[in-house]
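Okay, so here's the structure we're looking at.
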Amino acid sequence: MHVTAITMEDTSFPYRLGTECAEEIVARLGERAASRYLVVCDTTVAALYGRDLVARLEKDAGPAVLLTHPAGEVHKRIGTVGDLAEQALAAGADRRSVVVALGGGITGNIAGLLASLLFRGITLVHVPTTVVAMLDSVLSLKQAVNASFGKNLVGTFYQPAEVLADTAMLRTLPARELRSGMGEVVKNALAIRPSMIERLAAELRPDARYEDAAMRWIIEESVAAKAQVTGADKHERRDGLVLEYGHTTGHAIEHAARGEVAHGAGVAIGMIVAAEVSRLLGHASGDLVGLHRELVAKAGLEGSVPALVDPADVKHWLTYDNKRGYMPCPPAATPMVLLSAPGEVLRSGPLPLVPVPLELLGRAVDALAAPAGQSAGAERLSPAPA
């Protein structure tokens, strides 16, 4: 497995990436000599990889137990963490146990929060099985779950000891999840690493059929992009906030859809909304909006708010965005990450955030929720009166 040292200010952990490397993953976990391996995954991943990993660990590493939770965003709740904690303790977990987060971003957050809470903190190792997890969520110290008021509102910061990623696990992903992952890849290219845009445009596949070599490049570039902004901001409260590009509206869409819209799909729409808002405010050109639409389409993602989502619900959840409080912002506005060009982030002082009137943001959301056959283009939007 190829290893990259992920350095965040005063802390560091190894990110190991390979293909067809299940045996090495078990060997690496075995080196930790855990009293018990607590393999956390959802019920879908349990059938695909969880039971096999537990059996391999039992054979070659030490005692292991499978802790499962129901699949889906609606189960990313503090109650799920509590249930898993009870399962772990009943199975004999102690301070020398290791939590193995086997799954996507939802499981990674649930397991990460679990590891931070058991005995006030035990070892956490990520074994990501989705694109979003491999190139985004496992590279963050943020461990959070949802509340009734919005996404990722309850959580903490906790460092994994290691990440062990096998791209072969992506072969069992449905196309929906692969496309979702590409939403985060497009974000990295547009907001952080514009040097990857040209090749990314050539590598993206609307049918979500990716060769191993292309996927390895996509993951490696995205890991480098994220490390570029978290190296000096491990808590993602300064420059690291750029990783929230597209997430203001994206999270609101996800929450309004009650788990029916994948994370990366929501982010893709959120980025187009953000580009439209930047254009309306006079910071960006229509070309930037067009580039967003082009890359989102090449990834096989929708460029408009899904019909199953009520735009009024989206606008409601925008008022609970988790970036509120980072900067002074009137009640009728919300802080957003906006671009003036690829890789060029607008700032208010030292932060990559600008206040956006909720009325203007709401009009951009409405424009992307146009009925089929009706344009949601720039002609339907005009700047708010001065």
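For all residues, glycine too, the Cβ spot is worked out from N, Cα and C.
Listed in Swiss-Prot for this protein:
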| type | residues | note |
| --- | --- | --- |
| BINDING | Asp42, 73-76, 105-109, 129-130, 140-142, 151-152 | NAD(+) binding site |
| ACT_SITE | Lys142 | active site |
| BINDING | Glu184, His247, His263 | Co(2+) binding site |
| ACT_SITE | Glu244 | active site |
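Mapped onto this structure are the features recorded in Swiss-Prot.
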residue : record              : Cβ contacts under 8 Å, 6 or more apart
Asp42   : NAD(+) binding site : Thr68, His69, Pro70, Ala71, Gly72, His75, Gly103, Ile106, Thr107
Asn109  : NAD(+) binding site : Lys76, Ser137, Lys142, Gln143, Ala144, Val145, Asn152, Gly155
Ser140  : NAD(+) binding site : Lys226, Thr230, Glu236, Leu243
Lys151  : NAD(+) binding site : His251, Glu254, His255, Asn322
Glu184  : Co(2+) binding site : Val131, Val132, Leu135, Asp136, Ser222, His263, Gly264, Val267
Glu244  : active site         : Glu236, Lys323, Val337
His247  : Co(2+) binding site : Val267, Gly270, Val337
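Counted within 10 Å of its Cβ, the other Cβ atoms near His263 (Co(2+) binding site) come to 26, all protein chains included. Every protein chain shown contributes to the tally, and the Cβ of Lys142 (active site) ends up with 19 other Cβ atoms within 10 Å. In the three-state DSSP scheme, Lys142 (active site) is classed as strand. According to DSSP, His247 (Co(2+) binding site) sits within a helical segment.
Cβ-based neighbour count (10 Å, all protein chains) for Ile106 (NAD(+) binding site) stands at 25. Other residues of the same chain near the Co(2+) site, with their Cβ within 8 Å of the Cβ centroid of Glu184, His247, His263, are Val132, Asp136, Gly183, Lys187, Gly246, Gly250, Gly264, Gly266, Val267, Gly270.
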